[in-house]
Amino acid sequence: MKRRTFLGGAMAVAVFGQGSSAFAQQPPIKIGMSMPQTGGLAGGGKASLLGIEIWRDDVNAKGGLLGRKVELVVYDDKSSASETPAIYAKLVDVDKVDLLFAPYATVPTAPIMPFVKQRGLLLMGNFSFQVNSKVGHDMWFNNAPWGPADSWAASFLDLAQKAGGKNMALLTADQEFAQNLAVTARDVAKKRNIPIVFDQVYPPNTVEFSSIIRALKAAKPDIVYVASYPPDSAGILRAVNEIGIGDSVKIFGGGMVGLQFAAVMSNLGSLLNGVVNYNTWLPEKSMYFDGTKEFFDKYTKRAIEAKVDPLGYYLAPFGYAMGQMIEAAVNSTKSLDQKGIAKYLRENEHKTIVGPIAFSADGERKETATLQAQFRGVKDKDIEQFRSSGKQVILFPDKLKTGELITPFEAARN
Amino acid sequence: MFSMDLLLGAVLLGVLLGCFYAAVSVGLSVSFGLLDVPHVAHPAFLVMASYGVYQLNESYDIDPLLAGLAITPLFFLFGLLAYRVYHETFEKRGSDAAVRGIAFFFGIAFIIEVLIILQFGVDQRSVSATYIGKAWRFGEMRIPIRQLVAFAVALALTVLLAVYLSKTFMGRAIRAVAQDEEALRLMGANPVRIKQFAFGIATAVLGIAGALLIIVAPVEPTLDRAYIGRTFCVVVMAGLGSISGTLIAAIILGVAESIVLTLFGASWAPAISFAMLLGVLAVRPQGLLGR
């Protein structure tokens with residue numbers, strides 16, 4: 001223990017010694033968070049953290065916040081919901097951080113919501129889905145582009161109906177996130193009088209999807225909405241390729257998790273062609289805002305050293321944007337008062353590298369900016385191809401659109 | 001949504017899937033069924049073999065099946081070593097070896113998982129071969145060629161192992177040690193060496209089975225957990241130690257799973273498999289072809 005204290009002291013001296021004179025007078029502003037760096041969510045967590053770190057370095061290079069250096073205090077939550085309550089209590093009570101960022105994803109975030117509400121703390125959300133819907137905390141702001149809960153299914157069904165889709169098949173994983181999507185998809189379909197001709201929930205250990213795809217094909221659906229998890233997405237697409245899905249299908253995809261990550265995309269290669277799926281950021285011309293290109297230049301370099309997702313489209317720029325929003329709020333309110341920052345975030349539109357962000361009362365986006373994009377002309381085993389535009393053409397939302405849906409699905413596969 | 005066409009398709013795909021299940025279970029039928037080793041790390045060995053096949057396919061572009069064959073001798077040696085460690089540290093030391101053995105093999109399984117993550121990361125891996133991703137047209141039906149390959153290889157593997165155990169001297173010695181270890185000892189044979197050899201065979205088979213696993217679907221480090229239930233279910237339903245029983249039980253399970261997936265709904269599939277196991281055990285406690 002003595003040795004640790006000594007080492008800690010020595011490191012602190014080294015850090016302060018190194019710091020520029022601009023930061024020498026005042027203690028740093030500490031931003032605390034947990035982040036999945038091991039376990040199932042680690043791939044996403046590491047990319048997200050790298051995005052936040054790039055923001056930290058950029059803001060410090062500009063002189064910090066309120067003239068103080070920004071420091072991140074980060075713990076690994078091992079992708080587990082049971083770790084985060086203790087970590088956030090420590091961040092607040094022991095580390096005495098000034099501001100809190102949430103960990104990546106729904107599962108580790110959900111259990112800290114009651115804590116931040118009870119303590120009246122600001123929490124910047126990081127890609128969780130509907131964690132504030134029951135808690136109702138008015139100091140929660142999610143960086144994800146989801147928007148209203150049903151917009152995800154609604155945007156996919158908009159495209160499907162425009163393409164002439166009249167009935168729907170639903171294939172979903174028996175897992176919380178996929179089931180949330182399925183519930184909203186059933187609701188939206190009901191409101192629009194779209195009959196559901198096939199509705200199957202498959203268990204997490206399903207090995208072989210040929211039988212399921214045969215049954216789905218026999219139902220002759222126009223629209224196929226799939227909410228799957230990474231291990232199954234590959235199995236489903238492979239079976240679709242082999243068994244075929246029928247000429248009736250106008251559009252296929254919607255909520256397939258995993259198809260946003262470089263390793264999975266490169267693994268699936270040409271099997272992806274024709275699939276319409278959700279995404280958050282893509283290298284299409286409509287997605288470049290002030291600073292976006294500079295961010296990815298830095299990310300690409302640092303991702304190689306950090307051994308994280310080489311593309312980093314899905315999470316990293318939103319980590320950076322989360323920092324940008326805090327930066328704007330602190331600079332405008334000229335304080336670290338969390339109520340004041342929350343008020344500023346709620347009442348203004350924020351310029352970020354992922355486009356303008358405005359929040360509704362529940363702390364989610366006022367309007368959805370979740371993309372629906374179609375894979376086109378993808379070759380096998382080539383990560384670099386995904387850096388060029390045209391491989392994932394944006395079909396929704398209208399203001400970011402870069403092309404039209406190719407339909408039916410079989411025609412889009414070539 | 002019932003149609004004869006769908007049912008026939010489901011049965012056919014089920015037989016193919018069943019033979020694949022037989023291939024991944026047959027090693028366990030020897031190690032657990034014949035040798036009474038509580039080998040819960042069997043699926044972890046299997047996944048490790050898949051990663052070996054992946055490495056050879058990725059680096060040298062070797063066909064997955066040939067790669068599986070190539071790692072078979074290594075897995076034989078690995079099996080010899082694993083059994084020796086288990087025997088020295090657990091089996092030799094008394095009657096509750098099986099219970100403590102489970103902990104030992106669980107530990108091994110976790111270590112293998114972690115080693116795979118350290119070496120290959122958490123992402124899914126798959127192999128490429130000419131027969132992956134294509135289908136064979138049979139009238140209106142399309143059958144994935146990878147499943148036909150898995151079917152043929154699995155069938156050959158199971159038949160070969162059954163013949164080996166019933167016709168060769170060593171094979172009969174393995175069956176003898178399963179029946180009465182003490183009698184074998186009185187005959188002057190060393191049952192431990194025979195068991196070690198048998199465990200080596202059971203592990204060697206996983207080289208090929210691992211190749212089939214990664215041909216049928218992509219693998220990830222924790223995939224072994226999905227196979228613990230299935231492989232033990234097949235082996236117990238077959239009747240412990242029966243190789244032909246393993247093939248029959250696996251086909252029954254594959255067909256049942258496929259019919260349920262096609263006609264009744266995917267969420268019922270795992271429940272049906274285990275319900276069938278319970279049903280068989282209620283009527284025939286020794287399993288389908290048990291001793």
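Cβ from N, Cα, C; glycine included.
Just so it is clear, the model here is predicted, and its values are computed rather than measured.
Segment annotation: TrEMBL labels transmembrane segment over residues B:231-253 (candidates B:24-46, B:231-253).
At the 8 Å Cβ cutoff, the transmembrane segment (B:197-219) and the transmembrane segment (B:231-253) share fewer than 3 close pairs (sequence separation 6 or more) and do not count as touching. Within the chain, the transmembrane segment (B:231-253) has long-range Cβ neighbours (under 8 A, six or more residues past its boundaries) at 14-15, 18-22, 24-26, 28-30, 32-34, 42-43, 155, 158, 161-162, 165, 175, 178, 273-274, 276-277, 280-281, 284, 286-291. Sequence-distant contacts of the transmembrane segment (B:143-165), counting only residues of its own chain at least 6 positions beyond either end whose CB sits under 8 Å from a CB of the stretch, comprise 12-13, 15-17, 19-20, 22-23, 26, 30, 65, 129, 131-136, 171-172, 174-175, 201, 205, 208-209, 211-212, 215-216, 243-244, 246-247.
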